[in-house]
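As structure tokens, the structure follows; a few thoughts come after it.
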């Protein structure tokens, strides 16, 4: 049932399917296997800031294997958060020194404590464009994880704990009045004969920006559910697990009759999210096209290949002719647009914090990575002027991406590309079972 043009943009599903299958999917798969993109530093021990932790998932598939120090490429391990080139290796320390010197020159009577506070404030100002709560990479609890050895798949984590996370995201962070319930939400009071139509009437009455926000979250949810259906534990004999697509689970989550027409809407939101992140990739290309950006791991040959492949993907994203036009967003009067953008950012930041409440480590890892990837995409879309005026040969002040953000951006888009590919696969499997 998925065909035709998507709401809120002039793009049809068939064009995205073809573009993804033949151009993007094979290349992004290869890129995710490169050392620069496969190691992600994450803190899985941050406490849930919103409710008392209800215990972690005890199923063995929920576990995440951290990466031994010896396996991490030397260039990644030694680097500061902003390190994407050799030159940036010690840039954080240099910046801090310069900052302290500047402050010292202003007033030599400042105590060291005050100087540190000023440096922290400057950093805080830098973080004002972040849409995500970033893990502190210097925390002793932050560890490198090899994403290829910890794939996203069905872990058995479900029930009230998992529902509470999504419920909190939708009910409290999607600009939603309390009286309007999301369709098919087991935690909402029963609504009699209403199949969620009041929800969609409400959604259509919203301004574009708030509608977009809801669709991004719904698309992310659909994508994650698709990965779980496509990588399901089908059987375990003699301790050997067999993973693969589960058509029954897919039908339960997305079939129109099983979901009262809700499934296709969710999948359309997945396509919408794909377009948003695709747009961000095409917009951020000038940042990476500069010679100062290296994707530095310490292995010169591999780094050059990784960068060439990334730039090749950027060329493809630019060649796509039906991009989402983000200029239609936040385009009203300046003051109103600014406060709406800030509201948007804070809502999204809150969602990134909710990911610390996910009880299954593997789900938490991929949840954090995908929300950070989407947060980075939003940061890019709202920084177009800064990206266009970047200096060619020096790290920029106006717009920066940390290595974490770059890794999250590429892997999050890789997950969406995989979802759309898996959807083609399920269409074929469903035809075979009919």
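The backbone N, Cα and C atoms fix where each Cβ goes, and this holds for glycine too.
Automatic prediction, not curation, is the source of TrEMBL annotations.
Source: prediction; values computed, not measured.
Residues annotated as disulfide bond in TrEMBL: 57-62, 97-132, 360-363. According to TrEMBL, the feature FAD binding site maps to 153, 155, 166, 218, 221, 253. Annotation comment: TrEMBL describes 360 as active site, nucleophile. Under the heading active site, TrEMBL lists 363.
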Here's one to test understanding: among the binding-site residues 153, 218, 221, whose C-alpha is closest in space to the C-alpha of residue 363 (disulfide bond)?
153
Residue 62 (disulfide bond) has how many other Cβ neighbours within 10 Å of its own Cβ?
18
Can you figure out which of 153, 218, 253 (the binding-site residues) comes closest in space to residue 360 (active site, nucleophile), comparing Cα atoms?
153
Please list residues from the chain of residue 132 (disulfide bond) whose Cβ is under 8 angstroms from its Cβ, counting only those at least six apart in sequence.
348, 349, 352, 371, 372, 375, 376
Cβ-Cβ distance under 8 Å to residue 166 (FAD binding site), same chain, at least six residues away:
221
Widest Cα span across the FAD binders 153, 155, 166, 218, 221, 253, in Å?
21
Would you kindly give the Cα-Cα distance separating residue 155 (FAD binding site) and residue 62 (disulfide bond), rounded to the nearest Å?
6
I'd like the Cβ neighbour count for residue 360 (active site, nucleophile), meaning other Cβ atoms within 10 Å of its Cβ, all protein chains included.
23
Name, in the order they occur in the sequence, the residues of the same chain whose CB lies under 8 A from the CB of residue 253 (FAD binding site) and which sit 6 or more residues away.
225, 229, 259, 263
Please identify which of 155, 218 has the densest Cβ environment, defined as other Cβ atoms within 10 Å, among these binding-site residues.
218
